[in-house]
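Trainee: Per TrEMBL, the features are:
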TRANSMEM  21-45  transmembrane segment
TRANSMEM  51-70  transmembrane segment
DOMAIN    64-197  domain 'SLC41A/MgtE integral membrane'
TRANSMEM  105-130  transmembrane segment
TRANSMEM  136-166  transmembrane segment
TRANSMEM  178-199  transmembrane segment
TRANSMEM  211-230  transmembrane segment
TRANSMEM  242-262  transmembrane segment
DOMAIN    276-419  domain 'SLC41A/MgtE integral membrane'
TRANSMEM  334-353  transmembrane segment
TRANSMEM  365-389  transmembrane segment
TRANSMEM  401-427  transmembrane segment
Amino acid sequence: QTGDGRIRDEGYEEPEGESTLSLLMQVMLPFLVAGLGMVGAGLVLDMVQHWDVFLEITELFIMVPALLGLKGNLEMTLASRLSTHANMGHLDKSEDCISMIVGNLALIQCQAIVVGFLASVAAMVMGWIPEGEFNFMHAVLICAGALVTASFASFILGVIMVAVIMVARKCRINPDNVATPIAASLGDLTTLGLLSWIASLLFDAKGTDVWLAPVIIASYLCSLPLWIWLASRNKHTKEVLYSGWTPVISAMMISSLGGVILDYTVATYKGIAVYQPVFNGVGGNLVAVQASRISTALHLETPLGRLPRYAEKYCENPGTVFCKSRGHARTARVLLLLVIPGHLVFAYTISYLKAGHTSLTPIFVIVYLCAAMIQVVLLLYMSVVMVHWMWSVCIDPDNSAIPYLTAFGDLLGTGLLAIAFHLLYLVGDKDSDLGD
């Protein structure tokens, strides 16, 4: 029995949860909306890769996965935390609800500024080590663009996440099923659009208003203590403020490695740009739903540090993870069912809009879908192992699991997509001039 009077079920069987049809209906619509948002992000990336600022400052490509990964680091983590609180009834009192919302918005501003700054530093280091030269103007432009993008995108998406979870709670829909996909739907498009716009403005102003980028950097760094103070005074975010940096920063570094792959491959295969946000986004979107649901189930069943009996072996064999008749295995199968139809819808939408540089030949579709299935299967298995392991060592997976999972999704996705395009090139299905 817990402190608030609930009886925890530490039985041998996983909880049944929603029916398969109910789960599919709740996840499918947000997933499709999220995918269309990622298609929009892909169209933006396909267009801006030809802009002068991206052609001259190629390190911006390294930052793209890291900044897009912010939705996994911050907004999806926020959605997972608030979904757990909603399912446990902690958002039903208006006073607790307002305190939790204000504290979390201050927390993600603090995290966004730090992660944006570190992502820009990582992009500079990874981009300039091979070249052996340092350009100060490029450095301040990258840093200022990353800070503005991270801060604005995190605030906009944070407010939307709060609204979505409150509405889902009122409509008796499980927020775990809808909040993280909606964060993904708007996250990529908002972040890429802001980064491209801000970087272009700063690039155009570098000859006349050289002071602009340094002033932006100084202003954000000076505002950081205020956000730290606000988050540290809130009982709902104080612990996360001190303990939540390792997953956020580690995830940013993992995503940046994916950015290095993107930086190299986009120069060879122009067609990869339009598919990169969609490919990575689908995997991150689906694994975030699974991780959020597992985390909520653990919060409802057992105290932190003690696994329920059905999950005592958190390193399950893949057959158990995907083939059991109930619980999280059933959720994994439902999520896998969405991969191929979802990718087909998104890929043919891109083709219909005549975007990108690659025609949808049968061999392209087969290789692309195989790579997508490999990515999602690996991520869903990793989510089960990682969430249960974190719970067993007293780490709250609501704060730590999704950043790692979406970052590995970015790295796996970009690598698998690069391999897919290279295989297609080797077998003769070369890039066409579609969309040029």
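Each residue, glycine too, has its Cβ placed from N, Cα and C.
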Trainee: Check for me, if you would, whether the transmembrane segment (242-262) reaches the transmembrane segment (136-166) - at least 3 Cβ pairs under 8 Å, residues 6 or more apart in sequence.
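Mentor: By the criterion, they do not touch.
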Trainee: As a test: from 21-45, 136-166, 211-230, pick the stretch that has the greatest number of Cβ pairs under 8 Å with the transmembrane segment (51-70).
Mentor: 136-166
Trainee: Hey, which bits of the same chain come close to the transmembrane segment (136-166), Cβ under 8 Å, at least six residues off its ends?
Mentor: 53, 56-57, 59-60, 63, 67, 70-71, 74-75, 78-79, 82-83, 86, 91, 97, 101, 104-105, 108-109, 111-113, 115-117, 119-121, 123-124, 175, 178-179, 182-183, 186-187, 190-191, 194-195, 198-199, 202-203, 206, 210, 212-214, 216-217, 220
